[in-house]
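One structure is given here, and the rest of the page talks about it.
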Amino acid sequence: MHLNTSICEVDNPDLTEEREKGTFDTDKMAAVIYGSEKLARRRREISEAVSKIPELADTQPFPFMDRLEKITEGSRKLEVLNNNIRDIIDYDDNGERLHIYQEVTGMEGHPLALHEVMFIPALVSQASKEQQEKWLGRARRREIIGCYAQTEMGHGTNLRKLETTATYFPDTQEFVLNTPTTTALKWWPGALGKSSNYAVVVVDMIIKGKSYGPHPFMVQLRDEKTHIPLKGIVVGDIGPKMSFNGGDNGFLGFDKFRVPRTNLLMRHVRVEADGTYVKPPHAKVNHSAMVHVRSHMATGQGALLAQALIIAVRYSAVRRQGFLENKTQEVKVLDYQTQQHRLFPSLARAYAFIFTGFETIHLYSQLLKDVDMGNTSGMADLHALTSGLKSVVTHQTGEGIEQARMACGGHGYSMASYISEIYGIAIGGCTYEGENMVMLLQLARYLVKSVELIKSGEAKKLGPMVSYLAAKGGHPDLSSLNGYVTAFEHMARRQAWKATEKFLKLMESGESREIAWNKSTVELTRASRLHTRLFIIEAFMRRVSRIEDIPVKEVLTDLLHLHVNYELLDVATYALEFMSSTQLDYIRDQLYLYLEKIRPSAVSLVDSFQISDMQLRSVLGRRDGNVYENLFKWAKSSPLNKSDVLPSVDKYLMPMMEKAKL
């Protein structure tokens, strides 16, 4: 029995050679990645079950389809899946449900994507028990299809300035929804354009002439029998995008559209029949749907980065180019140190992001329980943390995927690699659910408040995630991982204090708070990034420390060492005032050492994500490594190759050439 369970006899021998170098069981590594042996095994079982249903296979490669074909193909597969899904998965298990959708439809989006990821979670976190009894069961059974509509054409991150209104009329106990301007149109929500017949819509709630800010409403958009938009609803598709073109992101407008008072989601707030407003226990409790998505983004982005690295690492193991010592056979591209430096730090980040995501998801689940018990003390901590993570993780994921594409050379530019599609999907995360710079500044506000508490002698009030800001700095001992944490704490602490002092001094000089803040934002965002990267390192360390399987723990410890050395070098300018050049040279040498240590395990590390070829959709990243013959096969399937002479050539180019001969 091979340690790497991906080995098969028909594979490219170069890839088999790499897999035989592995020192750990890839199934056991998968158990660490996905949380347990049972969860990892269920993923494999689901993938295998899906592979046995031929109707769920793509009718042609996705890159050769236009938008309508992609949406139609996604809907066709969902209909087939709906007839089989309860025989394959436990439908009440969110993880199994998400995995089977990814397996069947890939990552380009489908009509139920936001239904599962945003609509249902919004009902779970925002609707009262009575409202859940009315709508949640129908949503889970897919009697209705919903989405989450918050972003507007003119406003996204600044929720306080949302223009769509819901005005309450006590005499009829109804809210009237209205879109007063073009910029007030809801814009971008996935599945809104053509698929959803319901939406959780976030609007500015007005009662007796007073604005109460953004609140979520359950709104029916289309007739359940005909799917025609209801009177007073303007809804449609916003057109092609950089990616996600298997989905129908849409626009939505209201013209004096009435909904019952009880359509306001009332788990945390309430409006009485007479218009009395009962406010939530915490100012940001209505943001829980956003916090939910941001809590999962680290894991989701880590998975996207992992897919790009599966492709790039496998391809680098079968692609031969140039010579080293052996002049008779070209060397594997993966043997070049530059290729390792390009890919392995991103591989470490993929693991780090996934492990960090586990922590934030656990914190979010605990927060929901606490809020139900009336305890909202953890809301500010988690809101700040997930804001920073959302920004740092999406940005670094985009960087890593682009490096993976370039590491594949010219073929990486082809849609046959599928990396460009992964990139387009991943970098969407830099702007949806909050623009990244704004997210960093939300965390920065929390850091500034924390520093101000310390300055006022109230350090005891600090949350656990920022307690290090009150600690005394020291010189790091780089002989242990804790020494790297000490170094990162010092840099993050120093930058947080530096940015806060700059902000406060500007106000002392006479600048208004707003202007002083704006003039400090570059330093503040730097503080947020350092704080977030520190948390990721600590989350990675905590996860590795709990692993029981020795071979798995050893290779992940090597990956962790690679991660901390790379991360520290990446921000070395912040370390110049307290670390010597000798220490920085040591870190650089350690980085190169761990590149060499990871090299034999690289293919097994990416195989451990256990992403099927069906989901990966990459010719370059095929499990069997038989790239070149399948690249030729893929190219021949291009619709342009259905005829030897294109109509455009016959109609325009041939006459042009004939005319030139006269």
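Just so you know, glycine gets a Cβ as well, placed from its N, Cα and C.
Site annotation (Swiss-Prot): FAD is bound by Tyr148, Ala149, Gln150, Thr151, Gly156, Thr157, Gly190, Arg319, Gln339, Gln340, His341, Arg342, Gly410, and the candidate from Glu116, Glu224, Glu435 recorded at this site is Glu435. Among Tyr277, Tyr468, Tyr574, Tyr586, the residue that Swiss-Prot places alongside His341, Ser391, His395, Gln403, Arg526, Ala527, Ser528, Arg529 at the ATP binding site is Tyr574.
Taking the C-alpha positions, the distance from Gly410 (FAD binding site) to Tyr432 (substrate binding site) comes to 30 Å. Site extent for FAD: among the recorded binding residues Tyr148, Ala149, Gln150, Thr151, Gly156, Thr157, Gly190, Arg319, Gln339, Gln340, His341, Arg342, Gly410, Glu435, the largest C-alpha separation is 46 Å. Distance between Cα atoms for Gln150 (FAD binding site) and Tyr574 (ATP binding site): 38 Å, as a whole number. Here the binding-site residues are Arg294, His341, His395, Arg526, and the one ringed by the most other CB atoms within 10 angstroms is Arg294. Note on proximity: of the recorded positions Tyr148, Gly190, Glu433, the one nearest Arg294 (substrate binding site) is Glu433, by Cα distance.
Between the candidate binding-site residues, Gly156, Gly190, Gly410, the densest Cβ environment within 10 Å is the one around Gly190.
Proximity of Gln339 (FAD binding site) to non-local residues of its own chain (separation of 6 or more, Cβ distance below 8 Å) is seen for Ser316, Val333, Ala407, given in sequence order.
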